[in-house]
């Protein structure tokens with residue numbers, strides 16, 4: 001493994017391959033920006049490839065990210081303390097993502113990509129669930145075709161039309177990294193989930209690879225928007 005002391009390892013983010021993580025992350029962030037998911041520098045994305053983790057920087061306009069802005073970690077690496085994380089590439093004058101320990105939690109579950117968005121629809125459903133079910137409630141919806149875009153769990157295939165999708169919700173914190181414990185607890189309580197909502201904040205979605213994480217994120221956002229409109233029309237999310 002190349003040590004960052006020997007140079008900034010710029011070769012790790014230099015590739016003509018559009019499927020290289022250093023090229024995919026900027027492309028994903030531009031796509032997410034067009035959906036309104038990562039406005040105002042919010043949100044982020046991370047990809048694991050072999051023993052490297054590629055992460056979008058913090059505090060940067062996501063639609064303007066370039067490959068040379070990407071951080072690279074050696075994997076496995078400690079989540080805490082931040083000083084123990086094994087960065088092998090750090091862009092000059094940029095800050096590591098505050099989402100890093102949450103991304104690492106997803107990779108510990110076998111994910112190949114993790115996405116964090118500030119989707120308005122995700123935020124709205126967390127508020128509606130809190131009002132209708134209280135702070136312990138989770139998001140549930142059934143009998144909607146798009147549910148088929150979400151896995152049942154690792155190695156269990158995809159959900160069906162008649163299944164009830166459940167997404168846990170955790171409370172927001174003042175600092176992003178402080179969400180890690182709650183996220184991990186939700187993962188333990190819902191071992192088949194591929195997403196965790198954060199009340200008044202957004203959502204974390206992960207998948208076995210980039211394509212799966214992206215399409216699952218899109219499917220969930222579709223379902224959240226639909227759920228908000230269904231609620232407005234007085235329609236139940238779960239068909240009895």
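Each residue, glycine too, has its Cβ placed from N, Cα and C.
Keep in mind it's a predicted model, so treat the numbers as computed, not measured.
The active site, proton donor/acceptor feature in Swiss-Prot is assigned to 145; the stated evidence is sequence analysis. The annotation substrate binding site is assigned in Swiss-Prot to 99 on the grounds of sequence analysis. Taken from Swiss-Prot, the feature Zn(2+) binding site covers 116, 118, 201.
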Specify the nearest of the recorded positions 116, 118, 145, 201 to residue 99 (substrate binding site), where nearness means the distance between Cα atoms.
116
Taking only the Cα atoms, work out how far residue 116 (Zn(2+) binding site) lies from the residue listed as 'active site, proton donor/acceptor', in Å, as a whole number.
24
Would you identify which of the binding-site residues 116, 118, 201 has the most other C-beta atoms lying within 10 angstroms of its C-beta?
116
Might you list, by sequence position, any residue in that chain lying six or more from the residue listed as 'active site, proton donor/acceptor' with a Cβ less than 8 Å away from its Cβ?
161
Mind giving me a neighbour count for residue 99 (substrate binding site)? Other Cβ atoms within 10 Å of its Cβ, every protein chain shown.
24
